[in-house]
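K.L.:
Take a look at the following structure, please.
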(Lines of atoms letter the chains of each structure in order from A and count residues from 1; the text may use other names and numbers.)
(Lines give C-alpha, C1' and ligand atoms only; values in the text may rest on other atoms or scores of the structure.)
Protein backbone atom coordinates (compact mmCIF):
# COMPACT_ATOMS: atom_id res chain seq x y z
CA UNK A 1 0.00 0.00 0.00
CA UNK A 2 1.45 3.36 -1.08
CA UNK A 3 1.56 6.44 1.11
CA UNK A 4 -1.24 8.02 -0.92
CA UNK A 5 -3.52 5.16 0.12
CA UNK A 6 -2.35 5.56 3.71
CA UNK A 7 -3.39 9.23 3.64
CA UNK A 8 -6.84 8.38 2.25
CA UNK A 9 -7.38 5.71 4.90
CA UNK A 10 -6.30 7.89 7.81
CA UNK A 11 -7.38 11.41 6.86
CA UNK A 12 -10.09 13.32 8.68
CA UNK A 13 -12.82 13.30 6.06
CA UNK A 14 -13.93 16.86 6.76
CA UNK A 15 -10.39 18.13 6.10
CA UNK A 16 -9.67 15.96 3.05
CA UNK A 17 -9.19 18.93 0.70
CA UNK A 18 -6.28 20.20 2.79
CA UNK A 19 -4.07 17.13 2.86
CA UNK A 20 -1.08 16.91 0.53
CA UNK A 21 -2.12 15.42 -2.83
CA UNK A 22 0.51 12.70 -2.68
CA UNK A 23 -0.46 10.69 -5.77
CA UNK A 24 -0.78 13.79 -7.94
CA UNK A 25 2.55 15.21 -6.73
CA UNK A 26 4.29 11.88 -7.37
CA UNK A 27 3.68 12.34 -11.09
CA UNK A 28 5.75 15.58 -11.03
CA UNK A 29 8.82 14.12 -9.30
CA UNK A 30 11.92 14.94 -11.36
CA UNK A 31 10.13 17.59 -13.42
CA UNK A 32 10.75 21.32 -13.48
CA UNK A 33 7.22 21.99 -12.21
CA UNK A 34 7.82 20.10 -8.96
CA UNK A 35 9.31 22.97 -6.96
CA UNK A 36 6.42 25.34 -7.69
CA UNK A 37 3.75 22.69 -6.99
CA UNK A 38 5.34 21.41 -3.78
CA UNK A 39 5.50 25.04 -2.61
CA UNK A 40 1.76 25.37 -3.17
CA UNK A 41 1.11 22.13 -1.27
CA UNK A 42 3.26 23.25 1.67
CA UNK A 43 1.51 26.63 1.71
CA UNK A 44 -1.94 24.97 1.65
CA UNK A 45 -1.10 22.68 4.57
CA UNK A 46 0.62 25.52 6.45
CA UNK A 47 -2.36 27.86 6.21
CA UNK A 48 -4.89 25.26 7.22
CA UNK A 49 -2.75 24.07 10.11
CA UNK A 50 -2.53 27.69 11.23
CA UNK A 51 -6.32 27.86 11.33
CA UNK A 52 -6.54 24.63 13.32
CA UNK A 53 -3.89 25.78 15.76
CA UNK A 54 -5.57 29.15 16.28
CA UNK A 55 -8.93 27.50 16.98
CA UNK A 56 -7.27 25.07 19.41
CA UNK A 57 -5.85 28.02 21.34
CA UNK A 58 -9.23 29.78 21.30
CA UNK A 59 -10.93 26.64 22.61
CA UNK A 60 -8.29 26.35 25.31
CA UNK A 61 -9.23 29.87 26.41
CA UNK A 62 -12.89 28.86 26.61
CA UNK A 63 -12.07 25.96 28.88
CA UNK A 64 -9.94 28.23 31.07
CA UNK A 65 -12.92 30.54 31.43
CA UNK A 66 -15.03 27.60 32.60
CA UNK A 67 -12.54 26.13 35.11
CA UNK A 68 -10.75 29.26 36.35
CA UNK A 69 -12.20 28.92 39.86
CA UNK A 70 -11.56 25.18 40.02
CA UNK A 71 -7.80 25.04 39.35
CA UNK A 72 -4.74 26.57 40.96
CA UNK A 73 -3.64 30.05 39.95
CA UNK A 74 -0.26 28.71 38.86
CA UNK A 75 -1.81 26.18 36.46
CA UNK A 76 -4.21 28.81 35.12
CA UNK A 77 -1.45 31.33 34.35
CA UNK A 78 0.82 28.69 32.83
CA UNK A 79 -1.97 27.47 30.53
CA UNK A 80 -3.11 30.98 29.69
CA UNK A 81 0.34 31.89 28.28
CA UNK A 82 0.31 29.07 25.70
CA UNK A 83 -0.23 30.32 22.17
CA UNK A 84 -0.36 33.99 23.15
CA UNK A 85 2.57 35.09 20.96
CA UNK A 86 2.29 32.57 18.14
CA UNK A 87 2.40 33.88 14.56
CA UNK A 88 0.16 31.56 12.56
CA UNK A 89 1.56 30.44 9.25
CA UNK A 90 5.20 30.47 8.15
CA UNK A 91 4.61 30.48 4.40
CA UNK A 92 2.04 32.95 3.20
CA UNK A 93 1.72 34.42 6.67
CA UNK A 94 0.70 37.75 5.20
CA UNK A 95 -2.67 36.24 4.36
CA UNK A 96 -3.08 34.74 7.82
CA UNK A 97 -2.05 37.57 10.10
CA UNK A 98 -4.38 40.56 10.19
CA UNK A 99 -2.69 43.63 8.74
CA UNK A 100 -5.01 46.04 10.46
CA UNK A 101 -4.73 46.59 14.21
CA UNK A 102 -8.49 46.92 14.57
CA UNK A 103 -8.96 43.48 12.97
CA UNK A 104 -6.53 41.96 15.45
CA UNK A 105 -8.39 43.57 18.33
CA UNK A 106 -11.70 42.34 16.98
CA UNK A 107 -10.39 38.78 16.64
CA UNK A 108 -9.09 38.86 20.20
CA UNK A 109 -12.41 40.16 21.48
CA UNK A 110 -14.38 37.44 19.66
CA UNK A 111 -11.99 34.78 20.90
CA UNK A 112 -12.31 35.87 24.51
CA UNK A 113 -16.07 36.31 24.53
CA UNK A 114 -17.26 33.35 22.42
CA UNK A 115 -17.97 31.16 25.41
CA UNK A 116 -19.66 34.01 27.31
CA UNK A 117 -22.02 34.81 24.42
CA UNK A 118 -22.89 31.16 24.06
CA UNK A 119 -23.67 30.86 27.75
CA UNK A 120 -25.84 33.99 27.66
CA UNK A 121 -27.78 32.63 24.66
CA UNK A 122 -28.46 29.34 26.42
CA UNK A 123 -29.53 31.21 29.57
CA UNK A 124 -32.06 33.31 27.66
CA UNK A 125 -33.56 30.19 26.13
CA UNK A 126 -34.09 28.60 29.53
CA UNK A 127 -36.62 31.27 30.59
CA UNK A 128 -37.71 30.78 34.19
CA UNK A 129 -35.60 27.61 34.33
CA UNK A 130 -32.49 29.82 34.60
CA UNK A 131 -33.41 30.56 38.21
CA UNK A 132 -33.05 26.87 39.05
CA UNK A 133 -29.43 26.07 39.84
CA UNK A 134 -27.89 23.33 37.72
CA UNK A 135 -26.77 20.45 39.96
CA UNK A 136 -23.04 20.38 40.54
CA UNK A 137 -22.73 16.92 38.99
CA UNK A 138 -24.19 18.14 35.69
CA UNK A 139 -21.91 21.19 35.58
CA UNK A 140 -18.95 18.99 36.32
CA UNK A 141 -19.95 16.51 33.62
CA UNK A 142 -20.35 19.30 31.06
CA UNK A 143 -16.83 20.56 31.75
CA UNK A 144 -15.39 17.05 31.53
CA UNK A 145 -17.08 16.45 28.17
CA UNK A 146 -15.79 19.76 26.83
CA UNK A 147 -12.23 18.84 27.82
CA UNK A 148 -12.35 15.33 26.33
CA UNK A 149 -13.77 16.69 23.06
CA UNK A 150 -10.89 19.16 22.77
CA UNK A 151 -8.33 16.45 23.58
CA UNK A 152 -9.81 14.30 20.84
CA UNK A 153 -9.64 17.20 18.36
CA UNK A 154 -6.03 17.95 19.32
CA UNK A 155 -5.13 14.36 18.47
CA UNK A 156 -6.71 14.84 15.05
CA UNK A 157 -4.70 18.03 14.53
CA UNK A 158 -1.52 16.22 15.53
CA UNK A 159 -2.29 13.41 13.10
CA UNK A 160 -3.00 15.96 10.35
CA UNK A 161 0.40 17.55 10.82
CA UNK A 162 2.32 14.26 11.04
CA UNK A 163 0.65 12.74 7.97
CA UNK A 164 1.34 15.81 5.84
CA UNK A 165 4.85 16.31 7.22
CA UNK A 166 5.78 12.73 6.38
CA UNK A 167 4.16 12.87 2.94
CA UNK A 168 5.90 16.10 1.98
CA UNK A 169 9.22 14.82 3.28
CA UNK A 170 8.89 11.64 1.18
CA UNK A 171 8.04 13.62 -1.96
CA UNK A 172 10.95 16.05 -1.49
CA UNK A 173 13.38 13.19 -0.85
CA UNK A 174 12.23 11.29 -3.95
CA UNK A 175 12.55 14.44 -6.07
CA UNK A 176 16.04 15.09 -4.71
CA UNK A 177 17.12 11.54 -5.56
CA UNK A 178 15.50 11.79 -9.00
CA UNK A 179 17.45 14.99 -9.80
CA UNK A 180 20.63 13.50 -8.23
CA UNK A 181 20.74 16.23 -5.60
CA UNK A 182 20.58 19.13 -8.00
CA UNK A 183 17.28 20.39 -6.61
CA UNK A 184 16.57 20.18 -2.89
CA UNK A 185 13.23 21.63 -1.68
CA UNK A 186 13.68 20.64 1.94
CA UNK A 187 14.37 24.22 3.03
CA UNK A 188 10.77 25.12 2.05
CA UNK A 189 9.42 22.46 4.41
CA UNK A 190 11.78 23.46 7.22
CA UNK A 191 10.51 27.06 7.11
CA UNK A 192 6.86 26.01 7.32
CA UNK A 193 5.07 26.89 10.55
CA UNK A 194 3.41 23.45 10.91
CA UNK A 195 6.85 21.79 10.65
CA UNK A 196 8.36 23.64 13.61
CA UNK A 197 5.36 24.61 15.76
CA UNK A 198 4.67 22.69 18.94
CA UNK A 199 1.79 24.86 20.18
CA UNK A 200 -0.84 22.12 19.87
CA UNK A 201 1.34 19.74 21.93
CA UNK A 202 1.65 22.41 24.60
CA UNK A 203 -2.11 23.01 24.58
CA UNK A 204 -2.73 19.26 24.80
CA UNK A 205 -0.32 18.86 27.73
CA UNK A 206 -1.95 21.79 29.54
CA UNK A 207 -5.47 20.49 28.99
CA UNK A 208 -4.40 17.05 30.23
CA UNK A 209 -3.03 18.71 33.37
CA UNK A 210 -6.35 20.50 33.88
CA UNK A 211 -8.23 17.21 33.47
CA UNK A 212 -5.99 15.49 36.04
CA UNK A 213 -6.41 18.35 38.49
CA UNK A 214 -10.19 18.42 38.17
CA UNK A 215 -11.31 14.86 37.54
CA UNK A 216 -8.49 12.46 38.43
CA UNK A 217 -6.61 14.16 41.26
CA UNK A 218 -6.79 11.08 43.47
CA UNK A 219 -6.99 8.53 40.68
CA UNK A 220 -4.17 8.98 38.11
CA UNK A 221 -4.96 5.59 36.56
CA UNK A 222 -8.36 6.92 35.48
CA UNK A 223 -6.68 9.75 33.58
CA UNK A 224 -4.18 7.41 31.95
CA UNK A 225 -6.96 5.07 30.82
CA UNK A 226 -8.91 7.98 29.35
CA UNK A 227 -5.91 9.41 27.49
CA UNK A 228 -5.06 5.97 26.13
CA UNK A 229 -8.67 5.44 25.02
CA UNK A 230 -8.75 8.80 23.26
CA UNK A 231 -5.41 8.08 21.60
CA UNK A 232 -6.24 4.59 20.35
CA UNK A 233 -9.98 4.96 20.03
CA UNK A 234 -12.40 2.28 21.23
CA UNK A 235 -11.18 -0.88 19.55
CA UNK A 236 -14.06 -3.31 19.22
CA UNK A 237 -12.91 -6.89 19.00
CA UNK A 238 -14.34 -8.84 16.09
CA UNK A 239 -15.44 -11.50 18.56
CA UNK A 240 -17.99 -9.03 19.97
CA UNK A 241 -19.60 -8.64 16.55
CA UNK A 242 -19.48 -12.40 15.97
CA UNK A 243 -21.23 -13.18 19.25
CA UNK A 244 -23.76 -10.35 18.75
CA UNK A 245 -24.48 -11.60 15.23
CA UNK A 246 -24.91 -15.17 16.46
CA UNK A 247 -27.33 -14.10 19.20
CA UNK A 248 -29.29 -11.94 16.74
CA UNK A 249 -29.55 -14.87 14.34
CA UNK A 250 -30.86 -17.16 17.08
CA UNK A 251 -33.32 -14.48 18.17
CA UNK A 252 -34.58 -14.07 14.60
CA UNK A 253 -35.22 -17.80 14.22
CA UNK A 254 -37.02 -18.03 17.57
CA UNK A 255 -39.03 -14.89 16.81
CA UNK A 256 -40.12 -16.33 13.45
CA UNK A 257 -41.75 -19.22 15.33
CA UNK A 258 -43.79 -16.70 17.35
CA UNK A 259 -45.05 -14.89 14.21
CA UNK A 260 -47.54 -13.13 14.23
CA UNK A 261 -47.88 -12.92 18.03
CA UNK A 262 -48.70 -9.22 18.48
CA UNK A 263 -47.73 -8.72 22.16
CA UNK A 264 -44.44 -10.57 21.64
CA UNK A 265 -43.45 -8.51 18.61
CA UNK A 266 -44.57 -5.28 20.27
CA UNK A 267 -41.65 -5.66 22.68
CA UNK A 268 -39.31 -7.52 20.33
CA UNK A 269 -39.54 -4.68 17.79
CA UNK A 270 -38.04 -2.35 20.39
CA UNK A 271 -34.94 -4.54 20.56
CA UNK A 272 -34.93 -4.73 16.76
CA UNK A 273 -34.83 -0.93 16.63
CA UNK A 274 -31.85 -0.77 18.99
CA UNK A 275 -30.01 -3.41 16.94
CA UNK A 276 -30.66 -1.60 13.66
CA UNK A 277 -29.41 1.63 15.21
CA UNK A 278 -26.15 -0.14 16.16
CA UNK A 279 -25.81 -1.51 12.62
CA UNK A 280 -26.27 2.02 11.27
CA UNK A 281 -23.43 3.24 13.52
CA UNK A 282 -21.18 0.46 12.21
CA UNK A 283 -22.06 1.41 8.65
CA UNK A 284 -21.32 5.09 9.38
CA UNK A 285 -17.92 4.20 10.79
CA UNK A 286 -17.11 2.10 7.71
CA UNK A 287 -18.22 4.96 5.44
CA UNK A 288 -16.22 7.59 7.39
CA UNK A 289 -19.35 9.48 8.37
CA UNK A 290 -18.74 11.54 11.52
CA UNK A 291 -21.70 10.11 13.43
CA UNK A 292 -20.15 10.81 16.84
CA UNK A 293 -20.13 14.51 16.09
CA UNK A 294 -23.65 14.46 14.59
CA UNK A 295 -25.19 12.64 17.57
CA UNK A 296 -22.87 14.38 20.06
CA UNK A 297 -21.61 11.08 21.46
CA UNK A 298 -19.12 11.21 24.31
CA UNK A 299 -15.60 10.41 23.07
CA UNK A 300 -14.57 9.34 26.56
CA UNK A 301 -17.32 6.72 26.87
CA UNK A 302 -16.31 3.08 27.20
CA UNK A 303 -19.35 1.99 25.16
CA UNK A 304 -18.02 0.81 21.80
CA UNK A 305 -20.31 -0.22 18.97
CA UNK A 306 -19.38 -3.87 19.43
CA UNK A 307 -20.22 -3.77 23.13
CA UNK A 308 -23.48 -1.97 22.37
CA UNK A 309 -24.61 -4.61 19.86
CA UNK A 310 -23.58 -7.44 22.17
CA UNK A 311 -25.46 -5.91 25.11
CA UNK A 312 -28.67 -5.32 23.10
CA UNK A 313 -28.50 -8.78 21.50
CA UNK A 314 -28.00 -10.43 24.89
CA UNK A 315 -30.97 -8.50 26.34
CA UNK A 316 -33.04 -9.57 23.34
CA UNK A 317 -32.08 -13.20 23.92
CA UNK A 318 -33.09 -12.93 27.57
CA UNK A 319 -36.41 -11.41 26.50
CA UNK A 320 -37.15 -14.21 24.01
CA UNK A 321 -36.37 -16.84 26.66
CA UNK A 322 -38.33 -14.98 29.35
CA UNK A 323 -41.42 -14.47 27.15
CA UNK A 324 -41.38 -18.13 26.16
CA UNK A 325 -41.25 -19.20 29.82
CA UNK A 326 -43.87 -16.71 31.10
CA UNK A 327 -46.10 -16.41 28.07
CA UNK A 328 -48.57 -13.89 29.57
CA UNK A 329 -48.97 -10.41 28.07
CA UNK A 330 -47.85 -8.81 31.31
CA UNK A 331 -44.60 -10.75 30.97
CA UNK A 332 -43.59 -8.61 28.00
CA UNK A 333 -44.25 -5.48 30.00
CA UNK A 334 -42.37 -6.84 32.99
CA UNK A 335 -39.21 -7.45 30.97
CA UNK A 336 -39.36 -4.04 29.32
CA UNK A 337 -39.83 -2.58 32.81
CA UNK A 338 -36.64 -4.36 33.88
CA UNK A 339 -34.80 -2.90 30.85
CA UNK A 340 -36.06 0.58 31.70
CA UNK A 341 -34.84 0.19 35.29
CA UNK A 342 -31.44 -0.83 33.95
CA UNK A 343 -31.41 2.21 31.66
CA UNK A 344 -32.28 4.65 34.46
CA UNK A 345 -30.13 3.01 37.15
CA UNK A 346 -28.53 5.90 39.11
CA UNK A 347 -25.19 4.13 39.59
CA UNK A 348 -21.96 4.95 37.83
CA UNK A 349 -21.63 1.45 36.38
CA UNK A 350 -22.65 -0.33 33.17
CA UNK A 351 -21.93 2.52 30.74
CA UNK A 352 -23.64 5.20 32.82
CA UNK A 353 -22.72 8.11 30.53
CA UNK A 354 -24.15 6.32 27.47
CA UNK A 355 -27.36 5.42 29.31
CA UNK A 356 -27.83 8.99 30.52
CA UNK A 357 -27.12 10.32 27.03
CA UNK A 358 -30.17 8.51 25.64
CA UNK A 359 -32.37 9.56 28.53
CA UNK A 360 -31.31 13.20 28.32
CA UNK A 361 -31.68 13.40 24.52
CA UNK A 362 -35.20 11.90 24.50
CA UNK A 363 -36.26 13.58 27.75
CA UNK A 364 -35.20 17.04 26.65
CA UNK A 365 -36.89 16.62 23.25
CA UNK A 366 -40.22 15.57 24.80
CA UNK A 367 -40.36 17.72 27.92
CA UNK A 368 -38.56 20.82 26.59
CA UNK A 369 -39.46 20.96 22.89
CA UNK A 370 -39.05 24.75 22.84
CA UNK A 371 -35.42 24.66 23.96
CA UNK A 372 -32.41 24.65 21.63
CA UNK A 373 -32.85 21.92 19.02
CA UNK A 374 -29.99 19.74 17.84
CA UNK A 375 -30.02 16.77 15.50
CA UNK A 376 -30.35 14.17 18.25
CA UNK A 377 -33.38 15.93 19.74
CA UNK A 378 -35.57 15.62 16.66
CA UNK A 379 -34.01 12.38 15.38
CA UNK A 380 -35.05 10.22 18.33
CA UNK A 381 -38.57 11.70 18.33
CA UNK A 382 -38.89 10.81 14.63
CA UNK A 383 -37.69 7.28 15.33
CA UNK A 384 -40.18 6.74 18.16
CA UNK A 385 -43.01 7.56 15.74
CA UNK A 386 -42.15 4.42 13.76
CA UNK A 387 -42.91 2.32 16.87
CA UNK A 388 -46.56 3.29 17.29
CA UNK A 389 -47.53 -0.40 16.92
CA UNK A 390 -45.38 -1.29 19.93
CA UNK A 391 -46.80 1.58 21.98
CA UNK A 392 -50.44 0.69 21.32
CA UNK A 393 -49.98 -3.05 21.80
CA UNK A 394 -48.09 -2.63 25.04
CA UNK A 395 -50.79 -0.24 26.29
CA UNK A 396 -53.37 -2.93 25.46
CA UNK A 397 -51.30 -5.50 27.36
CA UNK A 398 -51.29 -3.11 30.33
CA UNK A 399 -55.08 -2.96 30.27
CA UNK A 400 -55.55 0.30 28.36
CA UNK A 401 -57.36 -0.73 25.18
CA UNK A 402 -59.20 2.55 24.59
CA UNK A 403 -58.24 3.63 21.07
CA UNK A 404 -58.68 7.31 21.79
CA UNK A 405 -56.23 7.18 24.70
CA UNK A 406 -53.77 5.17 22.64
CA UNK A 407 -54.03 7.65 19.77
CA UNK A 408 -53.43 10.52 22.21
CA UNK A 409 -50.21 8.93 23.48
CA UNK A 410 -48.98 8.19 19.95
CA UNK A 411 -49.89 11.73 18.89
CA UNK A 412 -47.60 13.28 21.51
CA UNK A 413 -44.52 12.68 19.34
CA UNK A 414 -45.67 14.45 16.14
CA UNK A 415 -46.96 17.22 18.42
CA UNK A 416 -43.46 17.57 19.90
CA UNK A 417 -42.05 17.86 16.38
CA UNK A 418 -44.61 20.56 15.55
CA UNK A 419 -43.52 22.56 18.60
CA UNK A 420 -39.88 22.13 17.59
CA UNK A 421 -40.69 23.41 14.09
CA UNK A 422 -42.46 26.46 15.50
CA UNK A 423 -39.50 27.06 17.79
CA UNK A 424 -37.25 27.19 14.75
CA UNK A 425 -39.67 29.43 12.88
CA UNK A 426 -40.02 31.86 15.79
CA UNK A 427 -36.35 32.71 15.53
CA UNK A 428 -35.63 32.39 11.83
CA UNK A 429 -39.00 33.48 10.32
CA UNK A 430 -38.36 30.95 7.53
CA UNK A 431 -41.66 29.51 6.30
CA UNK A 432 -39.69 26.85 4.47
CA UNK A 433 -38.70 24.44 5.84
CA UNK A 434 -40.12 24.96 9.33
CA UNK A 435 -43.81 25.68 8.67
CA UNK A 436 -43.94 23.14 5.84
CA UNK A 437 -42.35 20.57 8.12
CA UNK A 438 -44.86 21.36 10.88
CA UNK A 439 -47.65 20.88 8.33
CA UNK A 440 -46.34 17.38 7.63
CA UNK A 441 -46.62 16.42 11.30
CA UNK A 442 -49.99 18.15 11.60
CA UNK A 443 -51.24 15.94 8.77
CA UNK A 444 -49.81 12.91 10.61
CA UNK A 445 -51.90 13.81 13.68
CA UNK A 446 -55.00 14.30 11.54
CA UNK A 447 -54.40 10.94 9.84
CA UNK A 448 -54.08 9.34 13.28
CA UNK A 449 -57.43 10.82 14.28
CA UNK A 450 -59.10 9.66 11.06
CA UNK A 451 -57.76 6.14 11.39
CA UNK A 452 -58.94 5.99 15.00
CA UNK A 453 -62.44 7.11 13.96
CA UNK A 454 -62.35 4.72 11.03
CA UNK A 455 -61.62 1.85 13.41
CA UNK A 456 -64.62 2.74 15.60
CA UNK A 457 -67.18 3.48 12.89
CA UNK A 458 -69.03 1.11 10.65
CA UNK A 459 -67.24 1.00 7.34
CA UNK A 460 -69.30 3.02 4.88
CA UNK A 461 -67.86 3.16 1.38
CA UNK A 462 -68.00 6.95 1.01
CA UNK A 463 -66.38 7.61 4.40
CA UNK A 464 -63.69 5.00 3.75
CA UNK A 465 -62.76 6.55 0.43
CA UNK A 466 -62.64 10.07 1.92
CA UNK A 467 -60.45 8.87 4.78
CA UNK A 468 -58.22 6.95 2.40
CA UNK A 469 -57.81 10.02 0.16
CA UNK A 470 -56.62 12.16 3.06
CA UNK A 471 -54.24 9.46 4.29
CA UNK A 472 -52.96 9.13 0.72
CA UNK A 473 -52.23 12.87 0.59
CA UNK A 474 -50.41 12.66 3.94
CA UNK A 475 -48.31 9.70 2.78
CA UNK A 476 -47.46 11.43 -0.49
CA UNK A 477 -46.45 14.62 1.35
CA UNK A 478 -44.22 12.63 3.74
CA UNK A 479 -42.67 10.66 0.85
CA UNK A 480 -41.85 13.81 -1.14
CA UNK A 481 -40.36 15.37 2.01
CA UNK A 482 -38.22 12.26 2.57
CA UNK A 483 -36.84 12.30 -0.96
CA UNK A 484 -36.32 16.01 -1.64
CA UNK A 485 -35.65 17.45 1.83
CA UNK A 486 -34.41 14.72 4.18
CA UNK A 487 -32.56 12.80 1.43
CA UNK A 488 -31.82 16.00 -0.52
CA UNK A 489 -31.71 13.82 -3.60
CA UNK A 490 -31.11 16.77 -5.96
CA UNK A 491 -27.46 17.41 -5.14
CA UNK A 492 -24.06 17.14 -6.72
CA UNK A 493 -22.29 14.96 -4.15
CA UNK A 494 -23.15 11.47 -2.93
CA UNK A 495 -21.20 9.20 -0.60
CA UNK A 496 -22.83 5.97 -1.83
CA UNK A 497 -23.64 4.41 -5.18
CA UNK A 498 -26.60 5.90 -7.09
CA UNK A 499 -28.22 2.44 -7.13
CA UNK A 500 -28.19 2.58 -3.35
CA UNK A 501 -30.39 5.69 -3.34
CA UNK A 502 -32.75 4.23 -5.95
CA UNK A 503 -33.29 1.22 -3.68
CA UNK A 504 -33.79 3.49 -0.65
CA UNK A 505 -36.40 5.58 -2.43
CA UNK A 506 -38.23 2.51 -3.74
CA UNK A 507 -38.33 0.90 -0.30
CA UNK A 508 -39.41 4.19 1.28
CA UNK A 509 -42.28 4.42 -1.23
CA UNK A 510 -43.43 0.83 -0.63
CA UNK A 511 -43.32 1.21 3.16
CA UNK A 512 -45.08 4.60 3.08
CA UNK A 513 -47.99 3.26 1.01
CA UNK A 514 -48.23 -0.32 2.31
CA UNK A 515 -51.20 0.75 4.50
CA UNK A 516 -53.41 0.67 1.39
CA UNK A 517 -53.45 -3.14 1.36
CA UNK A 518 -54.50 -3.26 5.02
CA UNK A 519 -56.94 -0.33 4.87
CA UNK A 520 -59.02 -1.74 2.02
CA UNK A 521 -58.72 -5.33 3.32
CA UNK A 522 -57.23 -6.60 0.07
CA UNK A 523 -56.06 -9.86 1.62
CA UNK A 524 -57.92 -12.77 3.15
CA UNK A 525 -59.09 -12.21 6.72
CA UNK A 526 -56.94 -15.04 8.08
CA UNK A 527 -53.81 -13.36 6.71
CA UNK A 528 -54.49 -9.87 8.07
CA UNK A 529 -52.54 -10.25 11.37
CA UNK A 530 -49.48 -11.37 9.40
CA UNK A 531 -49.91 -8.49 6.96
CA UNK A 532 -50.26 -5.93 9.77
CA UNK A 533 -47.05 -7.13 11.39
CA UNK A 534 -45.16 -7.13 8.07
CA UNK A 535 -46.22 -3.52 7.52
CA UNK A 536 -44.94 -2.62 11.00
CA UNK A 537 -41.59 -4.34 10.35
CA UNK A 538 -41.30 -2.60 6.98
CA UNK A 539 -41.83 0.78 8.67
CA UNK A 540 -39.09 0.06 11.23
CA UNK A 541 -36.64 -0.98 8.51
CA UNK A 542 -37.65 2.10 6.47
CA UNK A 543 -36.89 4.34 9.42
CA UNK A 544 -33.34 3.06 9.73
CA UNK A 545 -32.77 3.17 5.98
CA UNK A 546 -33.93 6.78 6.28
CA UNK A 547 -31.38 7.16 9.10
CA UNK A 548 -28.51 6.14 6.80
CA UNK A 549 -29.30 8.78 4.17
CA UNK A 550 -30.40 11.45 6.65
CA UNK A 551 -27.16 11.19 8.62
CA UNK A 552 -25.15 11.16 5.39
CA UNK A 553 -26.79 14.45 4.40
CA UNK A 554 -26.14 15.82 7.89
CA UNK A 555 -22.49 14.84 7.50
CA UNK A 556 -22.19 16.65 4.18
CA UNK A 557 -23.95 19.69 5.64
CA UNK A 558 -22.44 20.08 9.08
CA UNK A 559 -19.29 17.93 9.14
CA UNK A 560 -17.92 18.51 5.66
CA UNK A 561 -18.14 22.18 6.56
CA UNK A 562 -15.00 23.48 4.95
CA UNK A 563 -16.38 22.56 1.53
CA UNK A 564 -20.08 23.07 2.15
CA UNK A 565 -20.89 25.66 4.81
CA UNK A 566 -17.39 27.05 5.37
CA UNK A 567 -17.44 26.40 9.10
CA UNK A 568 -15.29 24.16 11.27
CA UNK A 569 -16.03 22.66 14.64
CA UNK A 570 -13.48 21.32 17.11
CA UNK A 571 -15.97 20.68 19.92
CA UNK A 572 -19.75 20.61 20.11
CA UNK A 573 -19.82 24.10 21.59
CA UNK A 574 -18.13 26.34 19.02
CA UNK A 575 -17.94 27.16 15.32
CA UNK A 576 -15.85 29.06 12.86
CA UNK A 577 -17.69 32.24 11.96
CA UNK A 578 -17.31 35.25 9.66
CA UNK A 579 -13.63 35.97 10.19
CA UNK A 580 -12.68 32.39 9.44
CA UNK A 581 -15.09 32.11 6.54
CA UNK A 582 -13.20 34.97 4.93
CA UNK A 583 -9.93 33.18 5.58
CA UNK A 584 -11.35 29.99 4.13
CA UNK A 585 -12.25 31.86 0.94
CA UNK A 586 -8.60 32.87 0.60
CA UNK A 587 -7.52 29.26 1.01
CA UNK A 588 -10.05 28.08 -1.55
CA UNK A 589 -8.86 30.66 -4.10
CA UNK A 590 -5.28 29.42 -3.84
CA UNK A 591 -6.03 25.67 -3.61
CA UNK A 592 -7.14 23.32 -6.33
CA UNK A 593 -10.70 24.03 -7.39
CA UNK A 594 -13.38 21.97 -5.70
CA UNK A 595 -17.08 21.80 -6.48
CA UNK A 596 -19.21 23.41 -3.78
CA UNK A 597 -21.89 21.23 -2.22
CA UNK A 598 -25.23 22.90 -1.69
CA UNK A 599 -27.76 20.83 0.23
CA UNK A 600 -31.15 22.29 1.04
CA UNK A 601 -32.23 20.39 4.13
CA UNK A 602 -33.89 21.35 7.38
CA UNK A 603 -30.53 21.33 9.16
CA UNK A 604 -29.02 23.73 6.63
CA UNK A 605 -31.49 26.40 7.66
CA UNK A 606 -31.13 25.52 11.35
CA UNK A 607 -27.34 25.79 11.17
CA UNK A 608 -27.40 29.13 9.39
CA UNK A 609 -29.89 30.48 11.91
CA UNK A 610 -27.84 29.29 14.89
CA UNK A 611 -24.73 30.89 13.40
CA UNK A 612 -26.51 34.20 12.84
CA UNK A 613 -27.82 34.22 16.41
CA UNK A 614 -24.47 33.48 18.02
CA UNK A 615 -22.63 36.00 15.86
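Glycine residues also receive a Cβ, built from the backbone N, Cα and C atoms like all the rest.
TrEMBL feature annotations, pasted as is:
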DOMAIN    1-189  domain 'SPX'
TRANSMEM  239-259  transmembrane segment
TRANSMEM  265-284  transmembrane segment
TRANSMEM  308-327  transmembrane segment
TRANSMEM  333-358  transmembrane segment
DOMAIN    397-582  domain 'EXS'
TRANSMEM  434-453  transmembrane segment
TRANSMEM  465-487  transmembrane segment
TRANSMEM  499-517  transmembrane segment
REGION    582-615  region 'Disordered'
COMPBIAS  592-615  compositional bias 'Polar residues'
K.L.:
Counting only residues 6 or more past its boundaries, what in the same chain has a CB within less than 8 Å of a CB in the transmembrane segment (239-259)?
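P.N.:
Long-range Cβ neighbours of the transmembrane segment (239-259): 265, 268, 271, 275, 282, 304, 306-307, 309-310, 312-314, 316-317, 320, 323-324, 530, 533.
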K.L.:
Residue list, the transmembrane segment (434-453) vs rest of chain: Cβ under 8 Å, 6 or more residues beyond ends.
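P.N.:
Non-local partners: 385, 403-404, 407, 410-411, 414-415, 417-418, 421-422, 424-425, 428, 467, 470-471, 473-474, 477-478, 481, 485, 602, 605.
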K.L.:
In the same chain, which residue numbers or ranges, 6 or more beyond the ends of the transmembrane segment (465-487), come under 8 angstroms Cβ to Cβ?
P.N.:
433, 436-437, 439-440, 443-444, 446-447, 450-451, 453-454, 501, 504-505, 508-509, 512-513, 515-516, 519-520, 546, 549-550, 553, 600-602
